[in-house]
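Per TrEMBL, these features apply:
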DOMAIN    61-301  domain 'G-protein coupled receptors family 1 profile'
TRANSMEM  47-70  transmembrane segment
TRANSMEM  82-108  transmembrane segment
TRANSMEM  114-136  transmembrane segment
TRANSMEM  156-179  transmembrane segment
TRANSMEM  199-218  transmembrane segment
TRANSMEM  250-269  transmembrane segment
TRANSMEM  281-303  transmembrane segment
Amino acid sequence: MNEDPKVNLSGLPRDYLDAGATENISAAVSSQVPVVESEPELVVNPWDIVLCTSGTLISCENAIVVLIIFHNPSLRAPMFLLIGSLALADLLAGIGLIINFVFAYLLQSEATKLVTIGLIVASFSASVCSLLAITVDRYLSLYYALTYHSERTVTFTYVMLVMLWGTSICLGLLPVMGWNCLRDESTCSVVRPLTKNNAAILSVSFLFMFALMLQLYIQICKIVMRHAHQIALQHHFLATSHYVTTRKGVSTLAIILGTFAACWMPFTLYSLIADYTYPSIYTYATLLPATYNSIINPVIYAFRNQEIQKALCLICCGCIPPSLSQRARSPSDV
C-alpha cells in the first residue's frame, strides 16, 4: 500500500483541516464566480394606476368630441370652436397622464419628466382657460344678443383662442426652460419638478379666473332676470321658450361653476400651503378630483348640446331622432 503522504503544517487535526480546506476552496470558487444580483421588483403605485385610468377615460371621451367638431363643417360657430378647444385641451391632459405613467415606470429620465409635466401643465391650463372663454362667450351671447352672430364675434373668438393657447403653452414651457427644482430639492412644490413659485403662480391664476367666472355668472343671472321681468310686463308669452332656454343655459353655468370649484379648489389651496415635504398621498388625493373635471366637461358642454347630439346620432345610427330635429338652437343653450 503506497499511500501518498499528506503534510499537515498547521498542527491542527486533520478533520478540522479538511473542513477548513473545504471552506477555503468554496470561498475561492465563489470569489471567482460573478455574483448576479437579483433585480428589484417593479412596484407600481396604486394612485398612479388610478391617474392613468382617469387619463384613458379623459382621452376617449374628448377624442369623440374633437372628431365630431373637426369632421362636421356645420359646427364652426364660436360656441363650438370654444367647446372644441376645451375638448382638445382635456384630450391632451388625458394623454399627458398616460405618458407620465409610462415614462415613470419604463423610461425614467429628467428630460422625459420635464416634457410630461410641461404637457400636463399646458393642457390643464388650456382647459381652465377654455372654461373661462366659454363663460365669456355665454355672457356676450346674452348681453349682445342682436349682434352675437356677426363677424366681429368670430374674430373675437379666434383672438381668445390664440391668447389662451399661447399663455398655456408658455406656462407648460417653464419647467423645460429651466424653471424647475431638479437642481435644488428645497424649492420643489407638491408636484415635482415644479417649483413652489411655479405652483403658486398657477394656483393664484386659477383663483383669479374662478373669481372672474363667478362675476360673469352673476352678470348673466342679472340679464336673465331682467329679460324675465320684461317678458312679464309685455306679456310676450311667445318668448317663453327663449326664456326657458336662457334659464337652461344659466343653470348649466351654475353646474359648471360648482363642478369646477369642487374639482380644482382642493388641489389649488393645497398647492399654496404645502411643499415637497408633505406626504405624497395628500397630493394624489387632491390632484385626482382635478382630473375628474376633464371627465365631466364633455358631458356638460358637448354631449348635452343638441347639435353635437345630432352629429353623434348620424355617426352612430345614420339618422336624427325626431325629438332632436324639432328643437331650436339658442346661443345660450350650452
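Using the three backbone atoms N, Cα and C, a Cβ is placed for every residue, glycine included.
Since we're looking at a predicted model, the values are computed, not measured.
Long-range contacts of the transmembrane segment (82-108) within the same chain: residues 42, 44, 48-49, 51-52, 54-63, 65-66, 69-70, 75, 116-117, 119-120, 122-124, 126-127, 129-131, 133-134, 137, 157, 160-161, 164-165, 168, 291, 294, 297-298, 301-302, 305, 308, each at least 6 residues beyond the stretch ends and with a Cβ under 8 Å from a Cβ of the stretch. Count of Cβ pairs under 8 Å against the transmembrane segment (281-303): among 47-70, 114-136, 156-179, 199-218, 250-269, the largest is for 47-70. The largest share of C-beta pairs under 8 angstroms with the transmembrane segment (156-179) comes from 114-136, of the ranges 47-70, 114-136, 199-218, 250-269.
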